[in-house]
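Visitor: I'd like to ask some things about the structure below.
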Amino acid sequence: MWTLNTFPPNPPPPSPKKPLKPKPLLHHSLSKSSHLDEALSLLLKSHPSILPTTPTTNLEAYSHLLHSFITHKSLRHAELLHRHLLHSTPSLLRHPLIKSKLITLYPVCARIESARLVFDEDDDDEPSWTAMVVAFSKNGLHEDSLSLYAGNASWRSDFADSAALKSCSALSAVRLGRAVHARVLKSAREPDQVVLNALVRLYVKCGTLDEALRAFDGMPQRNVVSWNSLLSGFVGRGFFFECLDLLRRMWIESSVGFSWVTLTTVLSACSQITALYKGREVHAQMVKSREEPDIVVLNSLMDMHAKCGVVEYCERVFRGMGSRDLTSWNTMLTCYAIGCAHDALELFDEMVGRGRGGIKPDGVTFVALLSSCAHAGFVDEGRRLFDRMDVEFRVRKNVEHFACLVDLLGRAGLIDEAFEVTEKMPMRPGGSVWGSLLNSCRLHGDVELGEIAAKRLFEIEPNNAGNYVLFSNMFAREKMWEEAKKVRVAMEEKGLKKEVGRSWVQVGSGIHSFVAGGGVSFRSSLEYKRVWEELVESMEREGYVPDTDVVLHDVDEGTKAEWVCGHSERIAVVFGLVNSGDGIPIRIMKNLRVCDNCHNVMKVVSKVTRRLIVMRDTNRFHHFRNGACSCGDFW
């Protein structure tokens, strides 16, 4: 019991309460869930208990909402909020965060001029400056982007640097790109991965691969985009072997893995140099992957097998695809065009569905079909397809289609009809048209019409040495040596040189190159002499006699026979026989058309060695098997 002299005990101190986590603002949640109307309405009409009116909270709220508008590309909501700020809180419009968001948003909605109005070049505002540099670059205003970037040398941001480098790439402005690179290097802050990747892409696009490689090697770390940029650069500039070397380095040095873009790029390189075994290594990586390959990489895989002449594998990939696009069908048709004309025509019927609403063909489809008919001598089928293009399928004919028709008729010996096509074309005949006609005149000995075609060719392509060679060969084939000599003299006076015959043969994972008359060390080896002597004896037993008529020069028979034996494809096939096991196919690529004599040699060699020999020349594929060629001697 208490008395007057006593006091109640002190109450225990209250237990400390845990600080409450701030609940997310309701308008922020709505904007994140795509309810933009509700979010904007709530923000503009909110009660202080829901949205305190302190400047900091307002700034955060508007920033979140603008970010949502950018994500959803909502111009209508952005303009409503912009007008509201103009009338209620104009000071917020001058804040760098809000300004930069608006500058980013308007170009995303294709309103670059509205972004210009928000931006004020006199403001000392780095976020807005960065946003404007990026906006100009993304909207294709590359000169404006670089002008603004260069106008303020005191600022540097990774976003602005990468945007400026992308603009330099788009303009192929390597000198400006080097200036941006120097600005990045002078900065105390290290550039991020995006900037470094943009540097590599810039030098790749401008064709300065040495600088691209230096920038690549100087990276502290690389991601898959870095590797893809350099790989695509090598392929785009024709450095296919370097691309394959870089892929090997990527697999050894890198732990980032690969993307489908990586494999698509490498498969393109394999296609160009018929590197079948390397392409199959890439295919193995696709099979090992846990992800389903996309349709682009599968199309590239088909194209690789097609360019390597492996029709059955191309078919296997095509038939195994879950879905196909127009490129898939066109790739398969192009594969058949190298010697399977019947298959190409059947596949086309399947493609268009015979009136049941199939895939709509395009111009590439008909180039493949007409080429297929030309190489097979299917004149009537080719004519019908040419007529059906615009009438039935609404595909506009271009110069390439007329060149295919001229080639189709000319190869079949219908030279006058082919010439009539060139005279009645609705557009001016290009070099491909006259080149097809000249080649047909060479094949069939029509010198008079050949001279007309050559004259037109020289007007259109005066510096194309191949046209002069073709013209000279036409005269030489008819034993008109003086005329052939005059053409060669004209070439020399113009400083034009005939392309040297070169062949590549794949043995294992390596690709070996030989030029006409070259390979001296190999041809001097005991292995070469032994195999060549055995081949000559076997070919003579088969009745083979060298055809020196293919030597289109007025020299003695002994010299002609020696020159024929030095053709690059012959050296390549012997190299393949020496360095590969029995029964292994020999795959050769040649940069010129295979001559008649070498074509006959390959047929006999395939018979006496019981080897499949696959040769890809500038015209088509030749599959030599058991003494016959897939082209039926029509190429």
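Glycine is no exception: its Cβ is also placed from the backbone N, Cα and C atoms.
What TrEMBL lists as compositional bias 'Pro residues' is 8-17. The annotation domain 'DYW' is assigned in TrEMBL to 543-635. Among the features that TrEMBL reports, region 'Disordered' is placed at 1-24. What TrEMBL records for 192-226, 362-392 is repeat 'PPR'.
For the listed features, I'd like the structural context: burial, neighbours, distances.
Guide: Looking just at the domain 'DYW' (543-635), the mean pLDDT is 80.
Mapped onto DSSP classes, the repeat 'PPR' (192-226) shows 25 helix, 0 strand, 10 coil.
Across the range of the repeat 'PPR' (362-392), the DSSP-based residue counts are 28 helix, 0 strand, 3 coil.
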